[in-house]
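Colleague: Got a structure for you, written out below as structure tokens; questions coming shortly.
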Amino acid sequence: MALQVVSTISNSSLLQPGFSLLNFGGHVFFFGQKGWPKRSCPTGVFLLDIKQNELKMKPAFFSKDSCYLPPLRYPALCTLRGNVESDEYQYIIHGGKTPNNDLSDKIYIMSLVSKNSKKTTFQCVEKDLGGDVPEARYGHTINVVHSRGKSMSVIFGGRSYTPLAQRTTERWNSVVDCLPSVFLVDFEFGCCTSYILPELQEGLSFHVSVARNDTIYILGGHSLQNNTRSPSLYKLKVDLPLGSPAVTCTILPGGISVSSAIVTQTGDTEFVLVGGYQSDTQKRLACNTIVLEDNKIEIVERASPDWTPDIKHCRMWFGCDMGKGSVLLGIPGANKQLISDANYFYILRCKGAEEDKEEELTAQICSQTSTEDAGDSTPFEDSEEFCFSAEAHSFDVDDTDTYNEDDEEDESETGYWITCCASCNIDINTWVPFYSTELNKPAMILCSSGAGHWVHAQCMDLSESMLLRLSEANVKYFCNEHVDLNKGLQTPKKVVHLKKQPMKPLRKKATMKLTTPTKKSFLRRLFE
């Protein structure tokens, strides 16, 4: 086992506890950054490029038919293949925390659409589920099992917020263990079924799960209720006949008391377990080899790498599988770096140089790391880790397109994240889409007052139909602060006065005025 240092990178502040890595064809993609995505990478997904021990990031893109994917921290994810021997696969992403610390109960399917040296495009689709849908959670695991020619996903463990009816003012955002139910998810029909097994008595989070064919092995994990790390080893077997599925659980001996450990595959049936914590105040520096046979599992201790003094003496560490026998580890930089939230990174290679070759990963791996923020936990509580799941090697990408956080504009003062008015409440760290047309930045509209300035449509209380009408119509818009002022300063339009026709005087009532001749004529006729 060889330990290699990765040079400090300028944009390492994005790589904070809670993110994940996706491995498509040996290329590593970062997902789940700290805060909401910026304009340089609106999808929040980056290609990681490691060259000469330096890590760089290149933005990835989504196809037009993709859904919105928030930067979820601490989700459960694994690969989904059509069958055990299929070369093509997708990633399942379930649960996790948003930058607002809201928990997600959604499930996404991400697949690679195209990849070249200039651009990588993904398709992300949200799956609609029915039945016993798992509640929003984080710190859990998801695996795919194959039985009788069919496949299903299995969700287990994790933490969620205390139910609203049980919350108090002092502990409003406290978390609890999810019930120890096993969920089967059928993506073909979009239905979920939960199972309560007598062998699973307490909730677990930040455990390790390894799946092979129709069997899942659950190792370690932390229980909030008892504040323990159980040494139990659980074997879940899923049978998928033509009728209802059958799920059984067996408790096996030989488990390890560990949480937030990392598993990487080194062979067809061989895995290596590294990292994690064996207590609230002690890291676990030992390593183990896990061998899976058809119906059994064997766990033996193996030689540990030569850990550096910084790793041995640090208060916490984190990391995850990078694929093909490699693990990416991180420790906090503390006061040794100018950037307070920057970290030191190491690559741990668990295979020898002669074994470091392309291998098909026939087993599904899902190791869940810790999930709480540092301020909400005690030292070594399972809260400081993040998830890596990719391969560390050089990629043929253009350095000119590499993302550099130093080149990013401060969007709190420019662009979409301005304070557009006195009542503006749009914040880059808490914003969520409001209109259906929004993806990863708020909708804005130009106020034509003076030289013109941009305002957020949401702050102007514009309905979606009005916003669409204004965007399509060729009219000037004035914000709430300038609409009245604009009306007062407007020069009245010149009114063309119509020429009025003189009105005819009203006729007076006719009165018979008999003239003298008339009287004579009248009398003459009277006496004739």
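Quick reminder: no glycine exception, Cβ is built from N, Cα and C everywhere.
Quick paste of what TrEMBL says about this protein:
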BINDING   Cys420, Cys424, Cys447, His453, His456, Cys459, Cys479, His482  Zn(2+) binding site
DOMAIN    415-492  domain 'Recombination activating protein 2 PHD'
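Provide an account of the burial state, proximal residues and distances for the features listed.
Modeller: Counted within 10 Å of its Cβ, the other Cβ atoms near Cys479 (Zn(2+) binding site) come to 20, all protein chains included.
Taking the domain 'Recombination activating protein 2 PHD' (415-492) as a whole, pLDDT averages 78 in the prediction.
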Colleague: Determine which residues of this chain, when Cys420, Cys424, Cys447, His453, His456, Cys459, Cys479, His482 are set aside, have a Cβ within 8 Å of the centroid of the Zn(2+) site's Cβ atoms, and list them as they appear in the sequence.
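Modeller: Those within range, site residues removed, are Cys421, Ile445, Trp454, Val455, Met460, Asn480, Glu481.
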Colleague: Using Cβ atoms only, which residues of the same chain lie under 8 Å from Cys459 (Zn(2+) binding site) while being at least 6 residues apart in sequence?
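Modeller: Expected: Cys420, Cys421, Ser423, Cys424, Asn425, Ile426.
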